[in-house]
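Asks: This is the structure I have questions about; it appears just below.
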Amino acid sequence: MVLPPIRPGPDGFCGADHLNVLAQNLRPNEKAAASRTRRTVDESKTSCLLHLHADHLYYKRFKSVEAVVAQVASYMQAVNDICDKVDFDGIKLINFKVKSLSVMTEEDKNNPLYPLYIGPEKLLSLFSESNWGNFCLSYLLTNRDYSGVLGLAWEGKAGNWGGICSKHTTLRNGRASTLNTGLVTVQNYGHSLPSRLVQLTLAHELGHSLGSPHDEGSNCGDLGSSGGKGRYLMFPHATDEVRENNDKFSHCSVRHISKILKLKKDDCFVVSDQPICGNQIVEAGEECDVGHNDTDLCCFSAKEPVGVRCRLKPGKVCSPSQGLCCGQDCGFKPSGLTCDEETDCLRESVCSGLSPLCPEQTAKENLTVCSEGTRVCMNGVCAESVCMKHGLQQCDCPGDSMREKCHMCCQQPDKPETCASTTSSVLSRHFQRKPLALVGGAPCSGNQGYCDKFHVCRLLDADGPIARLKNSFLSFDDFDDVAEWMKAHWWVILLAILTLSGVMGCTVCLCSHTLDTRDLD
């Protein structure tokens, strides 16, 4: 399946809009029966059960199944903190639960998802070809560098044409796919992403799966642009700010999601107030959870009878499924052993020797420099520009050079005329004229572009260079597909064929009269 180029999304890129176009083009010609509306909604069905697939690259990044599970648990907590507080036009307490977690601990070269150099659209296409119809949604977790692309998901539509509750369906191209899928990567421009950014990326893509497009257009595009609270979760352009609205759905998103929930929710959402034994995540009411691994030494698997499964085996102190501080011998790891590594803004965590849980990391002092010297920490998050440390504001560097736009520039508060580079004499007492290049993926040019790995500002382009060139000549935006363009411009094709034929004829004619050097003898 060939997918169109992706388009920008928050803190990088998101391809939901172009996937929508593809889904529209791949639908069978018959009318979808799912264009109905529901008269009533079951208020008790509030849980969307997920399948999460961590590929071998994701596993390699976190080094153990227990670490992968810990990451997934933090993602789900963050996503549910966002969603279960929202009133979707009377539908409340929407939440996500992991029904199944598969972790690829070994490389399988026969797996179509194995090759490293698969583009995000192709990767999602391959992942979607599996039958995930037994789940509300299925998401792929990976650790691939897509130079700004952090996530991709099919937008929620009525019926099987994307998002929640979509079933395995044969598309117009003859292939079967399940469009209830998405993917998230934890790497960008060679850097591992902080957990908060991964959590927001997953929440953004799940927003698409629930039916929300990006916040854009005359009514929704400027939401959060004033007042200092920041853009909302579904805003499409790059941002590295940490603001109040960043983890909230706008009223535009709530309206779109509410519509899809009323249409589709009851098809696959469930009443779920009990833990799911077998998903490898220890939830309330469980002592441990090792999935269906009935050879585990510490914990009874989900294959055991009710009352036994997801319980510690006799004589065992703990299970590695409980946390990173429990060893494979079913005992606590030694005190002082590192379980969470130090980051720019968080200190390392060490095991206590008394619990299987890895203690929560503590924040470094506010204004600690992070992100290669371009930002500072606030409350454990690399959240603000380094300009703030000196009572200044970050600004877009003056000039037309795309390279200079990826330099750090600061200004006096609310005085844009004072904007200057850290190399300037004006700011020398703060930065000693030291050049500071923005890191790869950082927004530039008024959040209308991003800095690449060579520290050059690349303006966002919804289609990419090939599509832009194509559109400039052929205006494909005005047509549904190539066939319609050909019908409307048949004379262009005919003229091109005649011209090409003429050129070829002249070439043959000239070549047939080429001077033979033997005639000169």
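Think of each number as a place in line: the chain as shown, counted from 1.
Placed from the backbone N, Cα and C atoms, the Cβ positions cover glycine too.
According to TrEMBL, the domain 'Peptidase M12B' annotation covers 46-273. Residues or ranges marked as Zn(2+) binding site by TrEMBL: HIS204, HIS208, HIS214. Taken from TrEMBL, the feature active site covers GLU205. Per TrEMBL, the feature domain 'Disintegrin' maps to 274-366. Summarising the annotation, TrEMBL assigns transmembrane segment to 490-511.
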Asks: Just to be sure I understand the packing, how many Cβ atoms besides its own are within 10 Å of the Cβ of HIS204 (Zn(2+) binding site)?
Replies: 32
Asks: Could you give the residue numbers and ranges of same-chain residues that sit at least 6 residues beyond the transmembrane segment (490-511) on either side and whose C-beta is under 8 angstroms from one of its C-beta atoms?
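Replies: No residues contact the transmembrane segment (490-511) from elsewhere in the chain.
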Asks: Using Cα coordinates, what distance in whole Å links HIS214 (Zn(2+) binding site) and GLU205 (active site)?
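Replies: Distance (Cα to Cα, whole Å): 10 Å.
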Asks: Using all protein chains in view, find how many other C-beta atoms are within 10 Å of the C-beta of HIS214 (Zn(2+) binding site).
Replies: 25
Asks: Which residue, of the recorded positions GLU205, HIS208, has its CB surrounded by the fewest other CB atoms within 10 A?
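Replies: Sparsest of the recorded positions GLU205, HIS208 by Cβ contacts within 10 Å: GLU205.
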Asks: Looking only at the domain 'Disintegrin' (274-366), how are its residues distributed among DSSP helix, strand and coil?
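Replies: So the counts come to 3 helix, 11 strand, 79 coil.
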